[in-house]
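**Student:** Feature table excerpt (TrEMBL):
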- Cys77, Cys81, Cys84: [4Fe-4S] cluster binding site (BINDING)
- Phe83, Glu190: S-adenosyl-L-methionine binding site (BINDING)
- 63-297: domain 'Radical SAM core' (DOMAIN)
Amino acid sequence: MSNSIEILVENEKDAELRFIGEKVLNNQRLQFDEGVILFEKATLPYVGALANYVREKLHGNKTYFNRNFHIEPTNVCVFSCNFCSYSRIYAHREEGWELSKEQMMHIIQKYDGKPVTEVHIVGGVHPKMNLYFFEDLLKSIKAHRPDLHIKGFTAVELEYMFRKAKLSVEDGMKLLHEAGLDSLPGGGAEIFHAEIREQICADKVDADGWLHIHKTAHNLGMHTNATMLFGHIEKYWHRVDHMERLRQLQDETHGFNTFIPLKFRNGDNDMSNVPESSLIEDMKVYSIARLYLDNFPHLKAYWPMLGRQNAQLSLSFGVNDLDGTIDDTTKIYSMAGSEEQTPALSTAQLVALIKQVKREPVERDTLYNVIKNYAEDDVHELEVNPYYN
Ligand code: V47
Ligand code: SF4
């Protein structure tokens, strides 16, 4: 007897969607046009069920998270992305913040003795915080706490640092890696296609530059993530083009760990007139990403951006990772209008959040080595949504 996903595909009335569904069930790669067709024609139940099938084939019910905190060295930025609610231009730097090395080391020291495994360092692009400033910071962090994984600097920050230091991407990356940089976060990718980049973030690194930086990191044995800022002025095919470029690089290097779709939030930025995408659209993006990016091991919903209940929901639409505890250390999304104004979850809360939707919480390190499986733990801190308690 066929199982329910096969029945769903067999009963699909649209021949193109049925064909795509059969490809997914037969583990065949989707082509560019098929990605676009899914966005155009598929219902959420259809792509969602297919994505959940792939998610469970790859990871079962396992849902990963880590214990992390962020350092945002500055929100002063030489670039002017229209969607950014967070940055302040250099001329108005008194409205922003700039942390000294000592202030950042103080944040690191606050976590002494606490079981965090990762620090995520990302900020604006400050003209005075150069490559050597960050080299020194990385060395100091590693000297203080060698076991802490440092995931830091978007390709946007790195491209600027290397260019100002007149170093090649290869030499600059080697220098930071040797100083202690372990992996790269996925930010700055936005939408790769120049047609969209010109309108939302014209002056920062372009697609080829972003991909070259990640490829260079992969060639040094570092792992990286990739993001996609969706739900603004892009068309469906721009999303597929973005994922296609990532899929091609991943075929070459296998250096990406996780894909992180980031929903555009329109609070207090130069694109506030652009409406935000619906929850249904968001879940379709996760689902189609899971189907299209067949060589990406993990798909992450970043809960401070999506909100914790929608992050729970995403676990039925291909997502198998919720990022981390965060500890109220990032401002990027609260300043853009996210419901999560002070993003912090205790480990127990994060475990509870995952258990409420009948998935298996697994604490991981940045590279997805398992630290602890909480499936059998009795968690009492169920304060996420009382409806489910
Ligand atoms: O590149 C900025 C996005 C990114 C808005 O790798 C916005 O684990 C929505 O990349 N609405 C930076 N998004 C954050 C980032 C990230 C976050 C969490 C985990 C990881 C990881 C990476 O934030 C930027 C941009 O795409 N962003 N403003 C906004 N208004
Ligand atoms: Fe600067 Fe990043 Fe904001 Fe763009 S998104 S203005 S690069 S801080």
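Just so you know, glycine gets a Cβ as well, placed from its N, Cα and C.
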**Student:** Which whole-number value in Å describes the distance between the Cα atoms of Cys81 ([4Fe-4S] cluster binding site) and Glu190 (S-adenosyl-L-methionine binding site)?
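**Tutor:** A Cα-Cα distance of 10 Å.
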**Student:** Neighbour count, 10 Å Cβ-Cβ cut-off, for Cys81 ([4Fe-4S] cluster binding site): what number do you get?
**Tutor:** 22
**Student:** Counting across all protein chains shown, how many other Cβ atoms sit within 10 Å of the Cβ of Cys84 ([4Fe-4S] cluster binding site)?
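**Tutor:** Cys84 ([4Fe-4S] cluster binding site) is surrounded by 21 other Cβ atoms within 10 Å.
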**Student:** Applying the rule Cβ within 8 Å of the centroid of the Cβ atoms of Cys77, Cys81, Cys84, what extra residues of the same chain belong around the [4Fe-4S] cluster site?
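**Tutor:** Residues close to the [4Fe-4S] cluster site, other than Cys77, Cys81, Cys84: Phe79, Ser80, Phe83, Tyr86, Ser87, Gly124, Cys201, Lys204.
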**Student:** From Cys77, Cys81, Phe83, Cys84, which binding-site residues have a C-beta atom under 6 Å away from some atom of ligand 1?
**Tutor:** Phe83, Cys84
